[in-house]
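Participant: First the structure, which I've put down as structure tokens, then a few questions once you've had a look.
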Amino acid sequence: MKNINPTQTAAWQALQKHFDEMKDVTIADLFAKDGDRFSKFSATFDDQMLVDYSKNRITEETLAKLQDLAKECDLAGAIKSMFSGEKINRTENRAVLHVALRNRSNTPILVDGKDVMPEVNAVLEKMKTFSEAIISGEWKGYTGKAITDVVNIGIGGSDLGPYMVTEALRPYKNHLNMHFVSNVDGTHIAEVLKKVNPETTLFLVASKTFTTQETMTNAHSARDWFLKAAGDEKHVAKHFAALSTNAKAVGEFGIDTANMFEFWDWVGGRYSLWSAIGLSIVLSIGFDNFVELLSGAHAMDKHFSTTPAEKNLPVLLALIGIWYNNFFGAETEAILPYDQYMHRFAAYFQQGNMESNGKYVDRNGNVVDYQTGPIIWGEPGTNGQHAFYQLIHQGTKMVPCDFIAPAITHNPLSDHHQKLLSNFFAQTEALAFGKSREVVEQEYRDQGKDPATLDYVVPFKVFEGNRPTNSILLREITPFSLGALIALYEHKIFTQGVILNIFTFDQWGVELGKQLANRILPELKDDKEISSHDSSTNGLINRYKAWRG
């Protein structure tokens, strides 16, 4: 994978000139000049997904210049490098092969000359056998009762992905109750333990090293709680399984290593739901539906790795994002799913994007002088409309938005879904075209308002429009379509990282806080006054000690 400063390319310079021509062009003008704009700036995927990017401040020339940037930065070569098992995570000397986890074609993928697919398939088969025993009730707890509740204990990628997917696919869930514990705050584990019965609960401890502070603290608390009821430590093996590679630590915890599900160093945490980390997903929706999730992602992988840039959905969305982030100065993107089951989707890709591309040093080790990853946030519609859409419509910041919705709902109650989708369609129209002063004035005249009221109120009712959006319409949210949607965003993030010349698959930014916390923890165990830090940190620690008593 080549290291190319994007700002030094001819394409970047051409884009800068093009931006000067485009910065005052409105989306309304673009639609007025081209009645065929929707068909030119939209595409379908597998008859499952329609991506409409026509309501953006772009032209065919814009996309051509952005695609030139991708070519100059050798995006095609980078894609080949990732899919072929090259160690593109250079700071950790690792391959990046979440695509192998969902490689349903089973074509060999090599790391250090070894095909990884036999091991991938072996773990999948092990997950299938284990999950079927739990779901069927064949697996019994220490008192002979079947499992009714599953508690996934993990953090970051070991929590966000499985939680998001199990929520998004709740219509496919079986009888097992799923719970997720991540925060080291004891409240999180305590509240979950109030809901479950030690006789019928299975805990999944998700930690590759089996040393993650938050996860192991919660796991030991769960073990202590369990043993208060079960008594004999031999019963731990019937109620705990591990998603890990540290067999020694897993065995010492009391877990049968036959129930340890491994994954590999080429699986990044925030791309790990496709691996053994997804065992909670399998237990929730069944193995066949999990395979459908993998198949949807694999279909998007094929699209991404074989489709030319001008028709490649992850590439197009990535390039449009760079256009706003680096030329218009937009610092944020909102992900707005109009589906309540998808309520954790934005949070999942908040980690997926910000931990991947939140870097200020390029692949050569130099501080960048351009924007890298955007701030990602969002909530489900229509809730967001009554919370933060005000700023998106009439604020001073540009917030490019992705609107996501299914055409078919899993809960066809009355006309709920039509009302939901009417809002979905209305919001992107309102953001793009706004409402002019002339229209507002005419509305007030039609209502018989007096001129003084009209003059005062009208400015507050004007919508400038020209706010960019993408609309992603799914036929229905199924395991397959969700898998494809997740992979679409994963590859968008990768594409942006390649072009921005940063390492997308490490996360050194999470380390310093952990190191300092480990240094501070012993200082909190007594009542001595602390003076070893800066005055602010000393003051906070000392007040904490005084208040805790």
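Cβ atoms here come from the backbone N, Cα and C positions, even for glycine.
Pasting the relevant annotations from Swiss-Prot:
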- GLU355: active site, proton donor (ACT_SITE)
- HIS386: active site (ACT_SITE)
- LYS514: active site (ACT_SITE)
- LYS80: N6-acetyllysine (MOD_RES)
- LYS228: N6-acetyllysine (MOD_RES)
- LYS234: N6-acetyllysine (MOD_RES)
Participant: Just counting, how many other CB atoms are there within 10 A of the CB of LYS234 (N6-acetyllysine)?
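Facilitator: Taking every protein chain into account, the count is 10.
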Participant: Give me the Cα-Cα distance between the residue listed as 'active site, proton donor' and LYS514 (active site), rounded to a whole Å.
Facilitator: 15
Participant: Where's the emptiest Cβ shell within 10 Å among the modified residues LYS80, LYS228?
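Facilitator: Least crowded of the modified residues LYS80, LYS228, by Cβ count within 10 Å, is LYS228.
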Participant: To the nearest whole angstrom, what is the C-alpha distance linking HIS386 (active site) and LYS228 (N6-acetyllysine)?
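Facilitator: That separation, Cα to Cα, works out to 46 Å.
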Participant: I'd like the Cβ neighbour count for HIS386 (active site), meaning other Cβ atoms within 10 Å of its Cβ, all protein chains included.
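Facilitator: For HIS386 (active site), the 10 Å Cβ neighbour count is 9.
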Participant: Using C-alpha positions only, work out which of the recorded positions LYS80, LYS228, LYS514 is nearest to LYS234 (N6-acetyllysine).
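Facilitator: Going through LYS80, LYS228, LYS514 one by one, the closest to LYS234 (N6-acetyllysine) is LYS228.
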Participant: Are there any residues in the same chain, six or more apart in sequence, whose C-beta is under 8 angstroms from the C-beta of LYS514 (active site), and if so which?
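Facilitator: Looking at Cβ-Cβ distances below 8 Å from LYS514 (active site), excluding near sequence neighbours, one finds GLN213.
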